[in-house]
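Trainee: Feature list, courtesy of TrEMBL:
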DOMAIN    18-279  domain 'MacB-like periplasmic core'
TRANSMEM  20-39  transmembrane segment
REGION    71-120  region 'Disordered'
COMPBIAS  104-113  compositional bias 'Acidic residues'
TRANSMEM  320-344  transmembrane segment
DOMAIN    323-440  domain 'ABC3 transporter permease C-terminal'
TRANSMEM  364-388  transmembrane segment
TRANSMEM  408-430  transmembrane segment
Amino acid sequence: MQNWKFAISSIMSHKLRSFLTMVGIIIGVASVVVIMALGDGMKAGVTKTFTKDQEYVQISYSPNKSGYVTGINIGPSDDTGEGEGGGESGPAAEDRGMAAPSDIDGENAEDVDGQVQEAPPVVQESWVKELTKIQGIDGYYVSNTSNATIAFQKKKAEGVNIQGVNETYFSVKKVELLSGRKLTPSDYSNFSRVVLLDEGLAQQLFGTENPLNQVVSVGDNNYRVVGIFKDPNAGTALYGASSGGSALMANTQLASEFGTDEIQNIVVHVPDVKQIKTVGIEAAQKLTELSGVRQGEFQIFNLDSILEETNKVVGIMTSVIGAIAGISLLVGGIGVMNIMLVSVTERTREIGLRKALGATRGKILVQFLIESMVLTIIGGLIGLGLAYGVNSLITTLAAASLEGPPIISLNVAIGSIIFSAFVGIIFGILPANKASKLNPIEALRYE
């Protein structure tokens with residue numbers, strides 16, 4: 001306890017010098033903590049974003065692929081087209097919506113290494129409906145998409161993502177309807193020219209005016225706005241929203257007027273997220289059997305894998321940038337060592353007197369190590385406080401552009417103080433060792 005009192009007394013007797021010595025430690029700790037907080041905030045934001053889609057499994061068709069970077073392969077590609085789930089030809093393939101190899105012309109097939117590549121299957125909604133018989137799947141929806149310009153009077157939005165959705169979409173997808181209504185069965189059967197706009201797109205086109213029942217031009221035709229929704233795809237991991245905004249209409253109408261009658265998106269809902277991977281693979285396997293394509297050509301997106309990889313990349317980036325920022329801690333440590341060497345020289349007579357009164361080499365060593373450590377701990381605490389202030393400023397000024405607000409975890413806060421103390425010990429060893437080795441007689445003679 002006495003050594004701690006000596007350390008604090010020595011620091012307080014040279015306040016300005018001590019503060020200037022701590023500047024490197026303060027900046028180093030603040031920099032590292034802010035960077036770690038930004039990284040943790042980004043991870044939390046990414047996790048939250050991915051969680052929005054966690055109950056949904058998207059199944060996509062990728063011909064002759066053995067796996068996606070972000071997908072899960074449900075089986076090895078069978079280039080021979082033989083064996084279970086292999087490619088088919090003839091009537092069986094035609095019944096499943098596929099063209100038999102003998103019927104494929106140059107427009108839907110190409111010769112690769114002498115082998116004719118089969119055309120992709122025309123996915124039938126009846127196949128997707130069969131997936132609901134799989135235990136763990138309680139719903140599905142399918143959609144097709146196109147891009148178009150939507151205009152109202154003199155205002156227009158280009159590159160709007162028009163999504164044609166089937167009748168099960170609104171019962172499966174969590175769509176927050178802000179005003180108006182959803183699509184009704186009659187909209188599908190009558191090919192009604194009605195459309196729902198996302199909140200941002202409605203604001204862009206109508207401003208403060210009520211958009212409901214207004215007529216907008218979508219491409220070359222006029223549509224009546226029947227609803228405004230909060231885009232469930234905005235900022236999510238799957239089915240990312242277009243920068244031009246999003247609109248929903250019946251898939252029958254989109255197919256009729258935009259010529260996109262093929263199902264482009266297949267999504268099944270799995271309430272138990274623990275079964276996502278297992279059930280998703282089973283669903284892709286079922287589609288493989290129904291369509292007759294090769295194993296592995298229907299694949300699923302696995303959000304857990306994507307999330308893990310994303311967080312790993314963020315973690316590596318945070319560590320690298322944090323390590324670079326940590327260089328200032330080393331500079332601060334060198335500054336501490338330098339000032340402690342000066343302190344040893346200034347207090348040579350004091351050290352000699354203490355040794356003459358019976359202080360051992362070990363006690364002198366511990367005294368200076370504690371003094372060095374106290375210096376860096378105080379600097380670490382000030383740096384931590386500065387980091388909290390910087391994070392608050394970042395959150396206030398740049399919240400909209402961040403994936404998630406900076407988060408200073410308890411582990412990071414405690415770790416920064418412990419590391420500060422460690423820096424004090426490491427860079428205090430040389431001065432403390434020098435002080436402990438002083439000859440008491442020569443030290444007392446020092447002027």
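Placed from the backbone N, Cα and C atoms, the Cβ positions cover glycine too.
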Trainee: Helix, strand, coil residue numbers for the domain 'ABC3 transporter permease C-terminal' (323-440) per DSSP?
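Mentor: Its residues fall into 101 helix, 0 strand, 17 coil.
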Trainee: Would you kindly list the residues that approach the transmembrane segment (408-430) from elsewhere in its chain, counting only those six or more residues past its ends and only Cβ-Cβ distances under 8 Å?
Mentor: 25, 29, 32-33, 36-37, 40, 329-330, 332-334, 336-337, 340-341, 368-369, 371-377, 379-381, 383-384, 387-388, 391
Trainee: Counting only residues 6 or more past its boundaries, what in the same chain has a CB within less than 8 Å of a CB in the transmembrane segment (20-39)?
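Mentor: For the transmembrane segment (20-39), the sequence-distant neighbours (Cβ-Cβ under 8 Å, at least 6 residues beyond its ends) are 314-315, 317-318, 321-322, 325-336, 339, 375-376, 378-380, 382-384, 386-387, 390-391, 394, 402, 406-409, 412-413, 416, 419-420, 423.
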